[in-house]
Each structure stands twice: as C-alpha cells, then as structure tokens.
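These features come from TrEMBL:
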- 92-119: coiled coil (COILED)
- 411-438: transmembrane segment (TRANSMEM)
- 459-478: transmembrane segment (TRANSMEM)
- 548-569: transmembrane segment (TRANSMEM)
- 581-601: transmembrane segment (TRANSMEM)
- 621-642: transmembrane segment (TRANSMEM)
- 707-729: transmembrane segment (TRANSMEM)
- 830-850: transmembrane segment (TRANSMEM)
C-alpha cells in the first residue's frame, strides 16, 4: 500500500549509443523494461525518419502472420507458446525468409485445395444431375413428376402436357434434335426467380422441372472457404435448339451450375462410370491435400509464436530508434527517457551487462538530466490494488507525485457501497461470489479467454470481495439479514416498564415503545432488533441513516481537503497552503464540521433525563438540527429558544432575575416587571397562575449562539481569502521571474527556450485567466460544499430502498403467498416451495444484481466527484516503459 500513496520519483536520463550497438542496446532495454523513451523527433514526419523501411518490413510480416493466424483459427488449431530464449536470440533477418516461404507454401496449397474442392463439388453435382435426370426420364417415375409443367401454366395443364411429352418415344432418345433440355443445380432461394425469368424469356415454350436435393451441397466463397447450402436440381425442356443458348445464359446469370445429361443410354452409363471413378480419385486427392495442409500447419505452429513475438519485438525496436536523435558528426544515437529513481542503479547495471555480453567497443553513456518536464506517473500495482486503481484511472491518471486516490479507494469505495447495500445475508452471498472469483486466479490467469461479462467480474474480483465484506459488516450493524432482524446478543435490551423481567418482544403490542417499554442498557453491537418491529421503524431508521450519511460524507470530504495540504507541501506551493487549504478548511468545518458535531452531541445527551437546568432540572425537548442549521444562517443573532448545549432554562422570573438572565430578549419580554423592578406579579409569564397549573419553561443558550455566530463569520470571511490572494501572488511571482529572466536573456540558448515553452504548457501568464480560474475554483468549492454534502444523502436513500425492497419481497412473497397462503395441507407445502423459489430468484435478480449495480455506480460517483474533487487533479500521463512484455499483453487481449 505504501507504493500506492504517491507515484514513484522519476529521473530523466540521456542515453548515448554508437550506431552499430544501438539496436542491441535497445533490445536489452526492452527485455529489462526499465525506461520510458521520449520522442526527440516530434516534428519529423514518419517517412523522414531513419528506420522507415525496417518498420515497413515488420508491418508486411505482421500482415503475413495475421493471415497465417486466420488459417489456424479456421482449422481450430490452438496457438502454441513462444520459445522465450529463441525469441530473444532471433532477428528480423533470421525469420523473414522463413515466414515468406511458409506463406508461399500455404498460399499455393490453399489454391490447390480450392481447385480440388471446386472440382469435387462439381463432380458431386454432376452425379446428382445424372441420378435425378434419369428418374425424370423414367416412365416409372411419372408419379413423382406431377410438379412438372410448362412454365407459367396451371398445374392441371402442366401435368397433361408433360404426360404427353413423356409418352413420345422419340422424346427419351431423340436423334433429330427436335427436343432439347438444360440441366443443373441452383440454390433453393433462387428457383422461383429463375422460373419467372425463363417463362418471360421463352414465352411459355418450355417446361421447368425441379427436384429438391436431400443433402446439402458445398459452395465455395471468395476466401476459398466452403459452406453447406440447400440446392435444387432443375431441368428445362424445350423444343428446338434456338432456345438453348438463351436458357443457358439465363441459368448462368442466376448462378446455376449447368451439367450435361446424355440422352443416349450408352452414353449415360459411360458418364456415370466416369463420374464415379473421378469422384473416388477426388476423395483420395482431397484427403492427401488435407494431410499436407495439416503437416504444413503443424510445422508452422511450432515456430509461429516465436516468429510472431520476434516480428513485434523488432517493430518496437525500430519504432523506438525512430524516436532517437542521430548525431551525424559523432555517429551516435541519442535517446532520452524516464526511469524510476529506485531503478536507476538497475539501469546502470543493465548497460554494463550489455557492454560485456555483446562485446561492445564503447560502453553506452548514461547521463542524468535536470528538466522541468512533467514526469509520467508510475504507481506499482498488485492483483489486489489493480482493480481499485483502474476505477481511479478511468476518471483520470494521477498527476506526478500527487496523492493517489486509489490508496483510499480500496477502503472508502467498498465502505460506501456497504452502507447502501447493507444486509448481512446479501453481503455474505456477494462475499462468497468474490471468493469464488479470487479462487480462480491460478486457473484463469489474466482472464483473457473469458467472455465479456465473466471477464469484467473477474477483473474486479477483489472489488466484489470487499464490497461483499463491507455489505455484510454494515448489515451486521443494521442487524438485518434478508430483511429478517438478527438476534446475536441474547435478545433486545428493551423491557416492559412495569415488569423489567419481561422483554418487549413478548408484549402483545411490541410496537408500543415507550412508555410501555424502557431500555435498561444499550445493545452491544449495532441496532437493537426490536426496532424492526416498532411502529416508528421507518422514522427511526430514516433519522439514523440520514445522519450517518452526513457524518460519513463530511469525514470523507475532510480527508480530501487534508490531502490537498499534502499535495501543496509536496509541490512546495506554500501560497496555496495559506490561501487555499486554510480557507477551505475553515469554511467547510465551520459549517458542516459543526453539523457533524451537533449530531454526535445530540446523540450523547439523554433528553428524557436531567439536562442540568439551573434551579429546575428535568427533561428538555431535543432540538431539530435542521432548524438549528437554518436559524444559524437566517437568524444568527436571535436567541435560541430550543438550544442544543450550554442550556439555561427558567420557570420563574425571580430565578431568571437572580441568575442575571434578563439580558436575554426572550426572558426580558416574558418578565418585564421582574427584570426591571425585581418584583414578581401575576403578569410574569413564567410563573404558574395557581397551584396545579403547569409552569412555562423558557430556555436559551448564549454559548451556542456565540459559537454559531463566530463560526458563521469565520466561514464567510474565509471566502475572500480563497478568492483574491492567489492570483495577485502569481502575478508578483511572474513579474519577478520575468525580471530575473531579463538579466540572463543573452545566456539563454534556443534549446533552453524551447524547453521552457514545452514545460509551461499554458503559454504566457495572464492575470485575467488566473483570476477567472481562481474564481471558478472558489465558486465551485463554496457551492460544491453544500451540494456535495447533500449528495451523500444517496447513502441513506439507497440503503432505505434496499431494505424496503427486501422487506417487501419477504412479506408479500415469502410470508403472504407462501407461509400464509391459506391453502389446504397438501397444497400449502407446494405453495411455500414455489414462494421460496420465487423469492430467491427475485432477490438475486433485483437485490443482488440490480441493487448491486446501483450501489456500485453511486459509490463510484461519490468517490470520483465528492471525494476526489477536493484534492485530485487527474491530469497526469501513465508511465509506459519500453518492454517486450506488452507484446504478450496484446496477444492475450486478442
């Protein structure tokens, strides 16, 4: 967790390498993964860089590798892992000829296979034409040819015409050429269109006969892949040879495959034998071709992973070399990059090892550079913290050395979720689901092969686990499991007032709390389960959860403001400590911190007992905190009639006069005579009119009035300190810097100016922009303090919704429809079983899924907006070292 507190310190380094050793050094750095290189040729076009041809070679080889990978996928062959040692030893020159040779062999073999498949498909279609055509010409099959008809004719007419044609002996074996036929196969969905077109083209002077083919036939697509489709055999009978060419062209236009059908019996028998012989040869050749293809893919498979890694590695190397500067005079490459300070010594050792292993004549020169450039943000992560850090990075990457919200997200986020999702039963189920996902780490690894939904849950497995733990914990505090009150500590602490030995749960009306019931001691942990049975249950839980929401929200936002102090100290921005942090803390704590104090103080006082009233102790009405907060702003100087602390109450004017309370306007108005003359008469409003008449008690608190007035003045006085000083201080600092820069202007090099311009990032200083920026920040903080605090009430709202939905499902389904169904004995058990099943399904769908997602999103909103906007800038850029491990990450994601 220490590494998550802030990003690691980074060092900008310069690397100078000889030309002949540049590729070797970069390759070793990619293996080590220690440095993130900067592009020193930002203004240079890609086509004008040094290694354009090498990058193009890598792109071409990558294209070839992708086409080969498609063949593996089509053949359902799982790719093998790379040979790590071999992949680091090989270079582009070693593998390029082999990859191209494999590709040529594969392409040639695919073309041959494509031709073989087309030939085999044609032979099978020819065989079908011969078989079905013979049946069509057979008189014994005349019954099966009732569908034969002249094109466009009605069925009855078609049958008669076909029968007449078939009775002609010349038709079956015509040697005069008077009658002709065209036969073939066509896709079934095109039959109707073909028939209509032939009818119009021949003007009805042809007979169109179709027979569905039982088995599916293969079609070859543009990629040479085969797909099984439904086809239909057809035969077109016509008179005269004039129509043959026209009919053949129309059939070909519709994609039909035309085949010969010999009318002479001897020719027919010879063709059938020839087709059968060629089919047998085709099957044998196809089998041998598939064996050759499998053997070739097997040979490629053994090296594919290694070659793919080498190609990607070489492309990364040359892309990196294109980011370096080439010094023509010294014949060296100059590179710059960021390295974590703690890993600088390891980088030096890596350079020494490269020099020794590769027998370099000159050791690479490594220099530390001082720069005003903003370093990248490097936050090491583990399996546990990666999910929470991903939530933060989705909103924005932390600025360099900024306090990382991810360190607090690990606890704050699941705790906020638990407040909204609080139910011991539901939280336990969610915990078990999270534990199941965590237990699959060794089996699933990075989760690359999982589908989107499972992969998303697996990626956030530790978030789900902690959400479930905190949901169960808060549900334990609520004493609630599946909307059933839990009784962990020996029953309720409320007992009957007239008989302390009898608990309120045994009372016929347990909702009567108090005065029928009284509490002898607090419940050990959480809420007393008896509150789940009281008539004012909703009122009690609403008040409790609402106050808890405010307390949690103010504490979390206070932590956020305190974290901004740590950021100011880290960056040495001391003006913001005095004119941003302190005004914000005074304003926020003066109003909302005081509100939290009043909540705790009100809880700590037994308002039904003695509250220390001078002269007349007794019970005192508990003040409304909402009214207290409103009066604090609307009537800051008006005496408080229902005070919270520092209470002084009087039931007689004489007592008030003796204690010097006549300075209070409400007391002076109630006791005009006693306060001015010291004489008490019947007009004194605090004196009882007679024996047995209730006394009127008047209370006030000068202490509370003075404290609230002082806090209000301090809060409003802090706003100008937040708004005005910083822009003027920045203006003074800018003027001082410009004056200092003018003294040494002649010494500034162009490189230094470019560096300063790049570092600034905002152009020249503008007082107007600075003032507007600070004004926006001030308005956002002042108004946001109110809206953000109110936003935390979503904790109360969603917690109440979850509890009420769970109780509704329990009462309406499990109790009323199940246990209290009122059905006879044989059916009541079935009703209870179905009700239990329905309750379980609805609970999972609505409460475990929908409410889970709702609580997750609301907790995410509180983490991102209400908490992080107090200190988090989120304008950093992530540290991405040059490492070959990223190749594996891309492969797994694909």
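For all residues, glycine too, the Cβ spot is worked out from N, Cα and C.
Highlighted: of the candidate stretches 411-438, 459-478, 621-642, 411-438 has the greatest count of Cβ pairs under 8 Å to the transmembrane segment (548-569). Among the listed stretches 411-438, 459-478, 707-729, the one sharing the most Cβ pairs under 8 Å with the transmembrane segment (581-601) is 707-729.
Just going by CB pairs under 8 A, the stretch in 459-478, 621-642, 707-729, 830-850 that sits most against the transmembrane segment (411-438) is 459-478.
Beyond the ends of the transmembrane segment (707-729), by six or more residues, the same chain brings 575-576, 578-580, 582-584, 586-587, 590-591, 594, 632-633, 636-637, 767, 770-771, 774-775, 777-778, 781-782 to within a C-beta distance below 8 angstroms of the stretch. Counting residues 6+ beyond its ends, the transmembrane segment (459-478) has Cβ neighbours under 8 Å at 383-384, 387-388, 390-391, 410, 413-415, 417-419, 421-435, 437-438, 441, 447, 486, 488, 525-527, 803, 852, 856 in the same chain.
The predicted model assigns the coiled coil (92-119) a mean pLDDT of 89.
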